[in-house]
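These features come from TrEMBL:
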- 2-71: domain 'EamA' (DOMAIN)
- 83-218: domain 'EamA' (DOMAIN)
- 27-48: transmembrane segment (TRANSMEM)
- 55-72: transmembrane segment (TRANSMEM)
- 84-102: transmembrane segment (TRANSMEM)
- 111-133: transmembrane segment (TRANSMEM)
- 145-167: transmembrane segment (TRANSMEM)
- 179-196: transmembrane segment (TRANSMEM)
- 202-220: transmembrane segment (TRANSMEM)
Amino acid sequence: MLAVIGFSYTGMGLGGMFLGAGKLGPGLATVLANAQPLFAAVLSFFIVREVVTGRVFIGLLIGFIGVVVLAMPEMEFGNARFSGAVYVLGGAIGTAIGNVLLKYQAGSDDIYWSMGIQLVIGSLFLGIASASLGEPMEIDWTWSFTTAIFVLAIPATALMVVLWYALLASAPLNSLNSFTFLTPVFGLVIGMLLFGETFNTVEMIGIGITIVGLIIVVKAPRKQRSAQSLGRKRGV
C-alpha cells in the first residue's frame, strides 16, 4: 500500500505538478491542479465508501469555480502546451489517488514511519524517471538553492504530509480537501504582504466564491461510511 501511495501521491503528484507548471501559464496550471478534490470525491466513494452528499459536492464545485475565477487573469490558452496540461492533470489524478489511499490507511499505523517510507519511494521513482529522461544531474549548491530545497523538503512537504495524514484519521477526506482551494488565495495574500501586490476586482470575486464554497462544505452534515469504520464494526 505504501508503495502505491508513494508512486501516486509523491511520484505522480509532485512530479506532474513540477513538470507541467513550467509549460503552462500559472492560471491554467492552478485550475487544472485544483481539480484534484473533484477527482478524489469520486474515487473516495468507491474505495473508502465515503458518502459525498449533494451539499458537499456543490460546495466543492463552487470552490473550484472560485479558483477558476481567481486564475482567469493569468490564463494563457494560446500558449499552453498539451504536454504541460497532461502533466498537471496527471499530477492532480495522482494526488487524488494518493489522498484516497491515505484516507484508507489513516489511523492503522505509525504516522512518521509510513509517511517517511512513502516519501522515499516517491523520490526513488522521480529519480529513476529523471535519469531515464536524460535530465542533467549536476547541481549548483548555492545558499539560496539549498535554503529553497530545505524549505520545500521539510516544512512544505514532510511536515505537511504528516499533518495531513493525522487529519485524515479523524475527518472526512472531502471536507479536508475543500481547504486546498485556499492555496491560490494564500498565494495572493502572501504576495500582498511580502511583495506589495494588490488584489483586482476579479481576484476579490474569486476569493469570495472560494470562501463560500468552503463554508458550504464545512457546514454540511457529516455522513460518512468508510471501509475503516465498517471494518471496526465487524471487529476486523
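Using the three backbone atoms N, Cα and C, a Cβ is placed for every residue, glycine included.
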Field: Region pair the transmembrane segment (202-220) / the transmembrane segment (55-72), three or more CB pairs under 8 Å
entry: yes
Statement: Residues outside the transmembrane segment (111-133) whose C-beta sits under 8 Å from one of its C-beta atoms, at least 6 past its ends, are 2-3, 5-7, 9-11, 14-15, 105, 157-158, 161-162, 165-166
- request: Give residue numbers and ranges for long-range contacts of the transmembrane segment (179-196): same chain, 6 or more residues beyond its ends, CB-CB under 8 A.
  value: 30, 34, 36-37, 63-64, 66-67, 70-71, 203, 207, 210-211, 213-214
Message: Please report, as numbers and ranges, the same-chain residues at least 6 past the borders of the transmembrane segment (145-167) whose CB is under 8 Å from any CB of it.
response: 9, 14, 102, 106, 111-112, 114-116, 118-119, 139, 176
Field: Residue counts (helix, strand, coil, in that order) that DSSP gives for the domain 'EamA' (83-218)
entry: 112 helix, 0 strand, 24 coil
- prompt: Could you give the number of helix, strand and coil residues in the domain 'EamA' (2-71) as assigned by DSSP?
  reply: 58 helix, 0 strand, 12 coil
